[in-house]
Amino acid sequence: MEVTDIGNKEEGKVWHRKPTQGKSVLASLVRTAQQGKVVRFLHVTFDTTGDCFLAGDHHGNIYLFDISRNRFRLVQKTGQACTALAFNLRRTTEFLVALADYTIRCFDKDTKQLVSWMRGHEGAVSSISVHSSGRYAITTSSDTAQLWDLDTFQRKRKLNIKQSVGIQKVFFLPLSNTILSCFSDDSIFAWECDTLFCKYQLPVPDSGPRISYKAFAVTRDGKNLASGGRSNLLHLWCLESRQLVRVIQMPSQVRTIRQLEFLPDSFDGGASQTVGVLSQDGVMRFINIHTCKLLFHIGSHDEAITTMTVSPSGRHIVAVMDNGSINIYNVQNLTQELNKPPPAQVAVVSGGEDVQDLTHLKMKVRSELVQRPKKSSGRQPQVKILRPPAVSSAEDKENELPAGLNKKRLVALLKAFGEYPAKYRMFVWRSLLCLPENHAAYSSLTDKGLHSAFLTLHEKYPIKSQKLQRALQRVLSALAHWAAIFGEVEYLPLVAFPFVKLFQNNAMLCFEVVATVIVNWCQHWFEYFPNPPLNILSMVENVVAHHDKELLQHLVDCGITSQLYVWPLLETLFSEVLTRDEWLKLFDNIFSNHPSFLLMACAAYVICCREPLLHCSQKQDFEYFFHHRNNLDVGAMIKEAYRFMSSTPADLHPSTMLSDFTPLTSGQYPVFNKYPEFIVEYQSRERERIRLQEMEYLRERQQMSALRADFVRRRAEEEAFYAQQELLQKAEEQRRHILEQEEEKLTQQRAKLAAMKRELKVKELQLLDATRRRFLKHQQELRAAQIEKLDQEISRKMDLREKETATAVQDLEIRQMELEAQRKRLEQLLLKEQQRVGRKAEEEVRIKMREAEENLTEMLHGAETNMQALEEPLADACRLDLESDWQREVVERLQRVDAEQERSRGGLEELQRQTQEEEQRLISTLREEAQRKMDEGGAQIQTHTEGQTLMGIHSAYDAPGFPHRPACSKQTGANMVCLNSTSPPESTSTAFSFCRGRTQLDNGERELLKEIRELRQKLAARAKESSSASSQSICTPTSP
């Protein structure tokens, strides 16, 4: 057994060495990933032809294996493990795959594209069943089954069940519109697909152990159902009668049935008789359901099978093994019990000996009668088969065919119905032609490969189907290897093509049919090679001349020879002028008669078409007529051929020139040498010489082509080089031009940028200048506002000071007036008191005048001396006190003004110092003036008058608006009051001189205040002029 490791290859061969004849396992397929790890295959499924199958592995890769072409390829990578596959859709290139994520996807195997994506299941999909039309599909999981429309990929119906009852399988019945649903409680229901109407329910067996159905299989005709489960019992149901017809007990080794598959047979008409049972031990046992005979088995305990599938044609079985590999089995090599023709079921009852008289032939076809007895008390119904008695005679033995058929009976059946049943035609042909089925001999021919004469067959005979093209090439190559002449015959493809189309699935049978036709019905065809067989054409022309001389004369008159009206029919075997059914009907009669019947059929065709042929006169019309289909009754033509066979004279009959039917020999094919070998050899040698010359010519031509290609390549390279250089130069010039333009643009941009910079600089300077101007104007306005505010403050303070001074002066004047009034009153009182005291004193003086005249003189002299001594310090003290008080008051007020000016105008310190110096000079001047005025008013004042004056001054200084002055000594005042003045006129003059000095002092003070005001106004004007000059110097713009 050859093991093929797919590995990571995406395509390749299924087997590298062709399986030997008789070997049951064609190939074993495994897939190993990295580090030698085996990737398990999970599911497989066949297409409708049975030549290709899909296989999905655990990694989600889907492979397509073509057994007929010995190729495989990777068609899809899903990335997930598949749980079910289906490959029999209406669109043959599409397939369905159920994945582990509970989705169903449809892919195209040719384009590898995703066609659709179907969702709806909540569990893993265990099976996919497709309707026989390919339009609908049913997907089944453990909890639900869903019906899908594959044209729109939409869900049509959904089957929901109770949680206690699970779904085992839901599938379509073949060749019907019925859906079969099987549940875990062993109930089986049948539903109408379109309406989902429940058609019937199969009765659940009420006796015996419960089987718990797990596996189901239906025959191809949809009439029988096999089911099995957790038991070794197999139930067979008849779906037409809806009854359990048979219970088959499997061997004791079988405890559980895991899978069931019916094995199709070529002659069972869809009612399969062989079922495969896969049990828990991994062995697949195939049994006959009627005889309960074990036919064969596959698998073993060491190589257990997990799942398998059977091709629709029944030729191959693909099994997934327990180790993850795939085994491909050839059913024909497993058993010989299959594909055997059924026993003779036709009995002919004839009333006379003349078999040619079809009107008196009476036939009854009797088949096996099957009687089903009534159901007994047991659970296993029994079936009894009644067979007709076997009849044998010497005549039948002479007409016995290899497959057990009788040729005489077949011919009688053919004459009765005009053709064989289409269902059994291939089998009848194989029996009539006695095909030996030499597998080894045919393999030796095919092993030689394709013949050189047919390598370019597709150019001369293009066929749309590649499979048919390859089959035709293989058959023609085998014929050419069998006999050398067939490699030279040009019309051989026309002869073989109809048979290749019929037997395209079995190349060996096709080869043997064509070889048999050539050996028997193409006798003497190759004696005049490479010319047409003139002897055979003459035979047909003689038959036509015997039966229709008028038609032959017309053909001769028109210059039409037998090569034009007979040879086109023979070289194509009527395939150009007949339809498929007509051709099959004709060859049913050709294979059932003598080889000369083919020539009679040609003559019959020409004569049956006499009417249109008599109307033809041009050669082109005749050529067209015999190369195209015409309105012809094939049945009438065959009857005419039979008439010619029976009525043609022996000397003209082709049977005298042709040998009887001779089948191919068994084991090895016979030697075919009925042709001019020297011509064939000469042509072969010529062909070989021509082939060698062609090879030499092709070699030289190839060399010349290589040299020419090299020359062209070099010239192209040189031209490309020069073109590239030219392009490079142009590109360089263009780039230089572009660089110059860019430099010019850059220069212009730089100039523009410089101009823009200058403009921006000018604008910036203008903006700065405007900002500076606005700032200076703002500062000037602030300074002007501050100066104005200071001037207003100075003016306000000066006005306030003037008001205070005026108020003080007024108070002084009032106080002076009061003092003056008080002084006058006191003077009056003093005058009165003096008068009284004077009178009293005069009296006393008079009394004591004399006594104290001397003492008085001394006392007066001493008093005057003391008086002068006291008067000078007192005047100095009063003057100093007045000056100090006045100076202190003036300094304090000036300091307050200066402090305010320093806080408001820091830049005017120099002016303030000048103002202070002027004030100091003013103070000194005031002091000098006061000293001068005090010196001028320094007359002698009496003591009491001086005391009164000092008290008035003290009271004046105590008035509001004047600073506090310390009081003079009371003792001094007292002394001054106690002084007696003996000369009142002298006191009056002293008082008047003091008042006059005081008035002058006030006038001088007013003048000083006026001068101070004028000086301050001058200082303010000078400050304004200096500030305006500085602001004008700041506002003057500077040139950039």
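Backbone N, Cα and C atoms are what each Cβ position is placed from, and that goes for glycine too.
Annotations in TrEMBL come from automatic prediction, not curation.
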Under TrEMBL, which of the candidate ranges 369-399, 896-926 is annotated region 'Disordered'?
369-399
Of the ranges 981-1000, 1021-1040, which one does TrEMBL list as region 'Disordered'?
1021-1040
What same-chain residues lie close to the repeat 'WD' (298-339): Cβ under 8 Å, and 6 or more beyond its ends?
3, 14, 19, 22-31, 38-46, 48-51, 53, 55, 57-58, 65, 67, 259, 261-267, 274, 276, 278, 281-284, 286, 288, 505
What is the pLDDT of the coiled coil (724-836) when averaged and given as a whole number?
85
Using DSSP, what is the helix/strand/coil residue split across the repeat 'WD' (298-339)?
4 helix, 18 strand, 20 coil
